[in-house]
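> Feature list, courtesy of TrEMBL:
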- 37-283: domain 'G-protein coupled receptors family 1 profile' (DOMAIN)
- 22-43: transmembrane segment (TRANSMEM)
- 55-74: transmembrane segment (TRANSMEM)
- 94-116: transmembrane segment (TRANSMEM)
- 136-159: transmembrane segment (TRANSMEM)
- 189-220: transmembrane segment (TRANSMEM)
- 232-254: transmembrane segment (TRANSMEM)
- 266-285: transmembrane segment (TRANSMEM)
Amino acid sequence: NASCVKEFILLSLSENQGLQKIYFVMFLLFYVITVGGNLLIVITVISSQHLKSPMYFFLCYLSFIDICYSSTTAPKMIADFLVEKKTISFGGCMAQLFGVHFFGCTEILLLAVMAYDRYAAICRPLHYTTLMTRQVCGLLVTTSWVGGFLHSIVQVLLISPLSFCGPDKIDHYFCDVYPLLQLTCTDTYTVGAVIVTGSGMVTLSSFLALVASYVAILVSLRNQTSAGWHKALSTCGSHITVVVLFFGPCVFIYVRPSRSLSEDKIMAVLYTLITPMLNPLIYTLRNAEVKSAMRKLWRRK
């Protein structure tokens, strides 16, 4: 690496000291809820004998990914609210860049897998047990992890060789692609085009797979009674809500060239912390089986 910069300064969400103290309390609370809520779902699914269907198998991994995803950025951001100089080493910056894209891309692919699972359950109910065997579910989850790893390693390999001669201030609260590209001394048009294309392909292809799954579900329900519609869509409602909350900000940031880093920071808070925090609430409030399993787990403990 020919970079002259050995560490970066993160400008965080605000330079106002009073506002940073408020952010510290608020985001610390958000992070504790995120980890606690998702960890509760993981423990509930693992310990319950009634939550062994593929839907809960994927939900368990989604919650685990949410814990890892928020932990990539939130602890550093929260700690930085208490210090005046918010620095991160070059190696730490690349590690954070890898983690954000690894867990983010894995979650996108897993959400697409969960949409396929709902399609198989509603549109192919008689073949569901043969389509979604334990081996198939394990293969789909593994594919999501591998896809996330390949995507993130490409991001790091494209960014790390670039020369950073100064300035060293990143207008963000974590190391991401576009803020880093603005600090390089070399021409980044080609690298930026490759990154936008790669991120766009992953996000849009997963989104199209999601849309195709739910279009097929709606078509298969056209002759169903209102009770059938309600029962089928109630199992999809939580997933659709999570997809909208997660894909919206991701599409806004990564599928178009960055124009305003201040807007990107706000959107990044949504998909790195707020959505992982809301996921446990969305899935438990709308799911009687999960709530029942949690009550049984609480009584047993």
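For all residues, glycine too, the Cβ spot is worked out from N, Cα and C.
Could you give the neighbours, burial and distances for every feature on this list?
For the transmembrane segment (136-159), same-chain residues at least 6 beyond its ends with a Cβ under 8 Å from one of its own Cβ atoms are 54, 57-58, 61, 94, 97-107, 109-110, 113, 116, 177, 180-181, 191, 194-195, 198-199, 202.
Outside the transmembrane segment (189-220), and at least 6 residues removed from its termini, the chain residues within Cβ reach (under 8 Å) are 105, 108-109, 111-112, 115-116, 118-119, 122-123, 147, 151, 154-155, 158-159, 162, 177, 181, 232, 236, 240, 243, 247, 250-251, 254-257.
Long-range contacts of the transmembrane segment (266-285) within its own chain (CB-CB distance under 8 A, at least 6 residues past either end) are made by residues 13, 27, 30-31, 33-34, 37-38, 40-41, 59, 62-63, 66-67, 69-70, 72-74, 100, 104, 172-174, 176, 238, 241-242, 245-246, 248-250, 252-253, 291, 294.
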> Quickly jot the same-chain residues contacting the transmembrane segment (22-43) by Cβ under 8 Å, restricted to those at least six beyond its ends, or write none.
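Same-chain contacts beyond the flanks: 13-14, 59-60, 63-64, 66-67, 70-71, 74-75, 77-78, 81-82, 273-274, 276-277, 279-281, 283-284, 290, 294, 297.
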